[in-house]
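To start, the structure itself, in structure tokens.
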Amino acid sequence: MWPCGGRRQRRFGGVAMLLLVLWLLARRFNWSELVPVRLWGRTLGLQTKHSQFLLEGMPFRIFGGSMHYFRVPREYWEDRMLKMKACGLNTLTTYVPWNLHEQTRGKFDFSENLDLEAFLSLAAKNGLWVILRPGPYICSEWDLGGLPSWLLQDPEMQLRTTYKGFTEAVDAYFDRLMPIVVPLQYKRGGPIIAVQVENEYGSYAKDSNYMAYVKMALLSRGIVELLMTSDNKNGLSYGLVEGALATVNFQKLEPGVLKYLDKIQRDQPMMVMEYWTGWFDNWGGPHCVFDADEMVNTVASILRLGASINLYMFHGGTNFGFMNGALKTDEYKSDVTSYDYDAVLTEAGDYTSKFFKLRQLFSTIIGQPLPLPPMIESKASYGAILLHQYISLWDVLPSLVQPIKSEFPVNMENLQLNDSSGQSYGYVLYEVVIFGGGQLHSRDHVRDRAQVFINTMYVGELDYNTVELSLPEGQGFRQLRLLVENRGRVNYGLSLNEQRKGLIGDIFLNKTPLRNFRIYSLEMKPDFLKSLQHAGGWSAVPDYFVGPAFFRGKLWIEHQPQDTFLKLQGWEKGVVFVNGHNLGRYWKIGPQETLYLPGPWLRKGSNEIIIFEERAAGRIIQSVDIPYLGRTQYVD
């Protein structure tokens, strides 16, 4: 009996072991038990062994998706994470924007929509691992690639190098950031399984010592998880740093790109850190889209080759405020407000065909049922909204802004404002007294676009393409006014050090440099808006008016507020604020024609809308339930 009983016990034990192995294999792509309180016993973290990742010693593949907390209202973070899980993803990747967390030098903000700790903890709660990409440079079609503009106050500044002025600022920032990040690492019971060293440095590569500096800045402050780098194919070999796994970024799976990755780091797992699911848009261009079937087929091909993948973007969100980036190749092109990106989820978090095709693909690979996709949030069409009051910029300016007096023009970043951190975003108005008219020449010192006025009369514009204007003759002394807009700093390429805004040098009238300026900062921060609301001089909008001016109206909501989109047909160019939230820029040249207004930023009853219009104002705006991002063009 004992031998028979022993065989039965051994057989039972063998079956139990087999079931355990099968259970573990079934779980290896779906760590649904990811809750911080259950992770304290884990010690190995994400490792590389030959051509595969191991997580806590078990084979693991990263099915990741990018979503940026700073581009999504906090109230929607969890909804987007649940949709990641429902798509079959197990990892969330996010950048960390230095220029939001330290807008004023030495003053840090990790509250409300910038609460990184809450965001990462929420990812853990919802069963998602995290690959953190803390920069300090992040690119991301974000102003100056996430670097704070006050760095450019130093005329000798060399961004993304071991230049002392830069590394001292990075060290101070990391000293504040890393105490938030370190406790959330895997080995400390958190969701962070990997940390990226800088971002796409191989495409910049101005300092051979820089990547080692960033790596040590992370390690010395307690980062213990797997380090990674991220580059496109051409930058791969220049962005390497010893001790970090190289990953690659692309949209089209060109022959040999993953073999090349394998060649430069033998016997390591392959990962596509950024598989571009769509593309971003520039003002004046088309709305870029990327075919869903081609995208999913490429993802399937990447996975068949054994690589891990991160979808950039899974959910793009919005460049709220003035935070959009720009490109500068042959010409300067600024990015639109929407960061829809033609991603897996829309700008407002709705499903696309890409979502369902990817869900089917990942479900097949995982081999087990995925969570049901959450219900989508309904959208509202609140109809026409009358902007019934206005006030001219010229009338309100003296009561709102104290001018800075300077013999010479001063660029935005070097204005003595914000505890000596300068002005980062928005507009600057330069006033100077002139006598007579003639030829006004910018010498290409306008960044990025200036409306030119004599007293209150509009004369024309100066920008990268137009550097000269004829000023009409007139009697006596007159005010020459240049309203200069920072349209967004370049976020990628070799010109980061040249991204100062406003007037960056002398302006000439009849070949004589102008002197003795009065300079008004129009950053349009919340305090400015509060003062504007209570300013005297608001009046009924006349039948015809030419800006620049502020307009305001009310949106009345009877029931629970819902997401909506504001359509500004008949308006030319400007910025929209709702209940103090800066929704971003609009411009009639397109492609974007609607601005996303999240429901959580609205309230029952009265909602105040303020529009700063540079030139030609309409009388109404439309609240619609469908976005329009412009004429489409497929990405080649």
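Even glycines carry a Cβ here, placed using N, Cα and C.
Computed from a predicted structure; not experimentally measured.
Under a cutoff of 8 A between CB atoms, and with a sequence separation of 6+ in the same chain, the neighbours of GLU200 (active site, proton donor) are CYS139, SER230, ASP231, ASN232, GLY235, GLY239, ASN249, TYR492. What TrEMBL lists as active site, proton donor is GLU200.
Summarising the annotation, TrEMBL assigns active site, nucleophile to GLU274. Cβ environment of GLU274 (active site, nucleophile): SER66, SER230, ASN249, PHE250, ASN310, TYR312 lie under 8 Å away, each six or more residues apart in the same chain.
Among the features that TrEMBL reports, domain 'Glycoside hydrolase 35 catalytic' is placed at 52-364.
Annotation comment: TrEMBL describes 422-523 as domain 'Beta-galactosidase 1-like first all-beta'. Averaged over the domain 'Beta-galactosidase 1-like first all-beta' (422-523), the predicted model has a pLDDT of 97.
Across the domain 'Beta-galactosidase galactose-binding' (548-607), DSSP classifies residues as 3 helix, 34 strand, 23 coil. As annotated by TrEMBL, domain 'Beta-galactosidase galactose-binding' applies to 548-607.
Across the domain 'Beta-galactosidase 1-like first all-beta' (422-523), DSSP classifies residues as 3 helix, 54 strand, 45 coil.
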